[in-house]
Amino acid sequence: MSSTTKVSSAVMQTYNRFPITATKGKGSFLWDDNGEKYLDYTSGIATCNLGHVPDNVQHAISNQLKDLWHCSNLYHIPSQEKLAALLTEYSCLDQVFFCNSGAEANEAAIKIAKKYAKDKGYDDRTEIITFEQSFHGRTGSTMAATAQEKIHQGFTPLTEGFRYLPFNNKESLSEIDNGKTSAVLLEVIQGEGGIHTAEKDWLKQLAAICKQADILLMIDEIQTGIGRTGSLFAYQPYGIEPDVITVAKGLGSGFPIGAMLAKQHIAASFSPGTHGSTFGGNPVAAAAGIATLKEILSDGFLENCKEGQEELFNQLKSIKEISPLIKDIRGKGYLMGIEVMNQASAWIEKLREKQILVLPAGEKVVRILPPLTTTKEELQICIQALKEVALELGGNTNG
C-alpha cells in the first residue's frame, strides 16, 4: 500500500454500500454479521430468483466441483452444451455464446451486430440505437449504449456508434431505418431507468421495422429474464421474435454467468477467433444455470408465481390510493417500482430499519424485487412495512 494513502478498505469504493455486512443467506432472507435477519426483496439485484442458496443449485454446483472446475473453451464442455440446448429450446433463438456477466453479454451483442452488418455488406450501418433511460452496463461500449448522462459523467469521449431515441415514442420509430442502423438494443422493462415498460403496439411496430430492413432487434433480458416478469423472458408475451437476446443475473442463481443468444444466421458471424471468454460457460457456472432453469421451467412453477405477483401489485395500488406520497406503481411480475414524490432513499432507509431490503431505480423510484420463491406471508411482511413507512413519511394510511 502507498505510504501516503490511508483507506478504511482495500476494496475500491465503486458502490454506495448500505450499512449491512452480509454473512449468510437462505431463501428470501439475508443475515448480517450481528445476526440480524432481513427480508431481502432485492434478490441480489434481480439475481437470486430462486432465493439465496437454493438447494438444487447448491447440489448441482457441489457435484460439479468434485469433477471439473475449469478447462477453457478450447474443449467441449457437456454442461455448457446442455445449458445452451435448454436456453434455445425455450426461446426463439438458435445458438448461445457464454460469458460471465450482463455487461459482457451486451458487449457480445454489440460486437455481433457490427460483425453481422459487415458480413452482409452493410458498410454504412455503423450505428446501434438504444433508448433514453436505458441501462446496458458499465464497460466502455455498454456505458456508451446506456442513454443516461449520469452514467457517462467523467468518461468522455464515449465509444462512438450509438444513437438514442425516446422510449415508447411512436413518432421516433421513423428514425430507425435511416440507412445507418445495424441494430436496436432495448430492455422490455427499463430496470435501472425507473421501471418503465414497453408498450405492446410500440414494440411490435419497432420489431416490424427491424424485420423489414434487416436491422437486428436485440433485447436486453439481463434484469427481466429467467422468470422475473412472469414468463421465462420478458419479450415473449409481446408476440415478437428478437434476433438476439442477452441474459445473466438470474441465470445462475447468483453464480456468475452470462449469455448472448442469437438466430443461427446471425450467430454464424461469430466464427473462431472473432470473440471469446476464458471463463464463459465453465462447467460450474453451466451446472448452476441448468439447475436454475430446470426449477423455473418445472411444471407449474411460473404459474404458481402469478398469484403472489398479482397480490403484490394490487396491494401496492391500494397503498397508493391512501398515500399522497406515491405517484405511480409500475412494473410486471416481481419487478415492481413505486414512484414517490419525495426521495426513494427515504423509503429505502425506513424499510431497512424494519428489516426489509429494497432498491432504488433512480432518485424517485423504489424498486421491489422479491425472489420468485417468496411466500404469501413474506409478501405481507413487506406490504405491512410499506404501509407503516407511508404513514411515517406523511401518508394518510387511515383512508
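The count begins at 1 with the first shown residue.
Backbone N, Cα and C define each Cβ position, glycine as well.
With Gly102, Ala103, Asp220, Glu221, Ile222, Gln223, Thr278 listed by Swiss-Prot as binding pyridoxal 5'-phosphate, the candidate from Phe135, Phe255, Phe313 annotated for that site turns out to be Phe135. According to its DSSP assignment, Gly102 (pyridoxal 5'-phosphate binding site) is helical. The binding-site residues shown are Ala103, Phe135, Glu221, Gln223, Ser277; of these, the one with its CA atom nearest the CA of Lys249 (N6-(pyridoxal phosphate)lysine) is Gln223. Glu221 (pyridoxal 5'-phosphate binding site) and Arg138 (N(2)-acetyl-L-ornithine binding site) have their C-alpha atoms 16 Å apart, to the nearest angstrom. Among the residues the record lists as binding pyridoxal 5'-phosphate, namely Gly102, Ala103, Phe135, Asp220, Glu221, Ile222, Gln223, Thr278, the two farthest apart have Cα atoms separated by 25 Å.
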